[in-house]
Amino acid sequence: MIVVKIGGSVICKDASRVIQNLPKYADKAVVVHGGGCLVNEVMKKMGIEPKYLTHPGGLVSRYTDLETLKAFVMAMGWINKYIVASLHALGVEALGLTGADLGVVKAKRKERVLVVDERGRQRVVDGGYVGRITEVDAAKLAPPPLKVLAPLAVSERGELLNVDGDQLAFDVARGVKADKLVLLSDVDGLYIGGKVVPRLTAEEAEALVKSEEVRGGMKRKLLMAAEAAKLGIEVIISNGLADLPIDSALNGGGTHITKNL
């Protein structure tokens, strides 16, 4: 089994190459997608200003109040059904889901989160409608049909919750006992010193999170990759805008993170 995460940067630029490559893997894959840029577009049309939280360690996340959650659900619903419809045109039976559907992804709402304000001070703020994943029902994600999963979960109280897409992809990979987790974005892999790093161990990936050369979403990807690699899941960070991007990743392209070299 493999898990393919289609990052928001790919979704908002051109997801066609990934989608065209998916039929080859339809009987042994689960797809997870993002789409933050479309969320921002929907929010703008609703007159809502996107807000972000910076956490200790430098990780950044979207602040999700109720109005933001509504925009998030709308955007992710569109992306999800766009992917499913595109796969249908290629002869692939696909089922688009959020984590709330069939209760496939459960999460606990983060009531409070620790953030760093603009003055560099740490403080605790309301967590909004953001969840920490507690359970993935792997049996419901097994193909056929090919499952396409949006990064939304459901709480025990029936709340829809925004969950991090990379974290969701990792939890799905762990749940379905995947051999490989392919994280597709708009870069060729992890760049250090201006060059793509072809291979890393889990330990090396963890150490690089603290590097000033690793920023933004790549920090989170490396943290998830290190955790997955320790469980024996090979993680590949690769370019989803390339020709046959899944083939390319599985055949040595991008940055490969494993437990040991």
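Each residue, glycine too, has its Cβ placed from N, Cα and C.
Under the heading substrate binding site, Swiss-Prot lists G35, G36, R62, N162, citing sequence analysis as support. Taking a C-beta cut-off of under 8 Å and a sequence gap of six or more, G36 (substrate binding site) has these contacts in its own chain: G8, R62.
Counting only residues at least six positions away in the same chain, the Cβ atoms of V31, V32, H33, G34, G165, D166, A169, L181, V182, L183, L184 sit under 8 Å from the Cβ of K5 (site 'Transition state stabilizer'). DSSP assigns K5 (site 'Transition state stabilizer') to a strand. If you look up Swiss-Prot, you'll see K5 (among others) marked as site 'Transition state stabilizer'.
The site 'Transition state stabilizer' feature in Swiss-Prot is assigned to K221 (among others). Non-local contacts of K221 (site 'Transition state stabilizer') by the CB criterion (under 8 A, 6+ apart in sequence, same chain) comprise D166, L183, S185, I237.
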Span of the substrate site, taken as the largest CA to CA distance across G35, G36, R62, N162 (Å, rounded to a whole number):
12
Out of these binding-site residues, G35, R62, N162, which one has the fewest other C-beta atoms within 10 Å of its own C-beta?
R62
Within 8 Å of the Cβ centre of G35, G36, R62, N162, which other residues of the chain have their Cβ, at the recorded substrate site?
G8, G34, V39, T64, F72, A75, M76, P151, G165
Kindly assign N162 (substrate binding site) to one of the three DSSP-derived states: helix, strand or coil.
strand
